[in-house]
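Working notes, structure below.
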């Protein structure tokens, strides 16, 4: 029998599908990536073609093995991590989607959300699903498809249609329609799942008129769900044995599996999650309560806060403001000045996320004087990412009563040393940047590997988690508080800027 030397992680993201091969020491052996089309049928609407998601993801899987010259019988298991909330409904018989995937960013269900608020559902939804009422989550998207595709609700009741988030869709395709499952982390983002009873919530299904028959079975994040045959050399059947939504996978990949450990992912936006162990902490500060993975992939809970504009504000400096040619230049220009000369940039281009949740806030630059130049504005834009992260962390500490000792970081913007140092300064906390930057794929690989005994336990993985650089606070508390107070003042003035129709 061929030795099982590798784990494959499939990382199905918002703009691309990736496959990553890892060895027993968690080294990345090979990566393959394919982008796919973003479909914008109307302003504020975002769709993907589910068949293209499948085509790009399945081809990266074949490609990544060919690239590394690995045969499929050397693969111990496959783990899947995915863009969360994105919603697909397909025919059980043919495997054909009845509509495009409605993406997490899509705002088309705002009206359904307004109805839920008017019907007084906010408290129920917060208490039982851990979420706020927002078009972001899957529940209202499923309702929209059933409302708009003729005859679909009746077909769903007859068991002819299936719903799934992207993980569920991929596993259905990989197992030729034999397995219809999701995991607790993805289920917790649907607004249809009771995070306390760990079952689909009958009241939510009733309110949104979604037949239970179309929902997947919900399982742990680390167990064998089914087998797939990916052909290639060997043509062996490989267990699919790990699933987690992208942010929860990153939390696990950073080994934040104990209560009070937190990570922040700096991508287009920032996603910060803090593990709260076995207790679901209800937020009084605008955060979400969500399910995360404990040390063996069992259910833990986490608080989550999302910042809408992180890397996106650096892209704005580059593409719209033309102040930099490349995102990497931002660090160089930011360090050409000692400070921002009193300038604050509030990048509320699409409103503000946690903990403010103000869709009517708009971007602003405050504190301009004649002495302000482009470098000050670049620096202030980078600093805004760190300030927004502190906003979320303060909310987490208030909700959980846990004081954070270190923040683990990942995502594209963590390569910026200026930003990471300022993040540590403004939090007054250590910031730890890992050697392996692919922590989302790493999380999926860990979950899959633990389920099949490729790794025995997390202790084995702890040794492999190398911190490449640690940033420590370099400013005094008074200075930190003074700067943060300026930020709070700026945010206050940017809020409620857009008129909203009463």
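Glycine is treated like the rest: Cβ placed from N, Cα and C.
Note that the structure is predicted; figures quoted are calculated from it, not measured.
Residues 84, 85, 246, 247 are given by Swiss-Prot as glycerol binders; from 40, 136, 301, that same site also lists 136. Matching 268, 276, 350, 369 to the ATP binding residues that Swiss-Prot gives (14, 15, 16, 311, 315, 412) identifies 268.
Here the binding residues for glycerol are 84, 85, 136, 246, 247. Their largest Cα to Cα distance works out to 15 Å.
Around the Cβ of residue 16 (ATP binding site), a 10 Å sphere holds 14 further Cβ atoms from the protein chains shown. Annotation for residue 18 (ADP binding site): spatial neighbours 10, 11, 12, 31, 32, 33, 34, 60, 441, criterion Cβ-Cβ under 8 Å with sequence separation of six or more. For the binding-site residues shown (15, 247, 315, 416), fewest C-beta neighbours within 10 angstroms: 15. Ranked by Cα separation from residue 85 (sn-glycerol 3-phosphate binding site), the binding-site residues 16, 247, 416 are led by 247.
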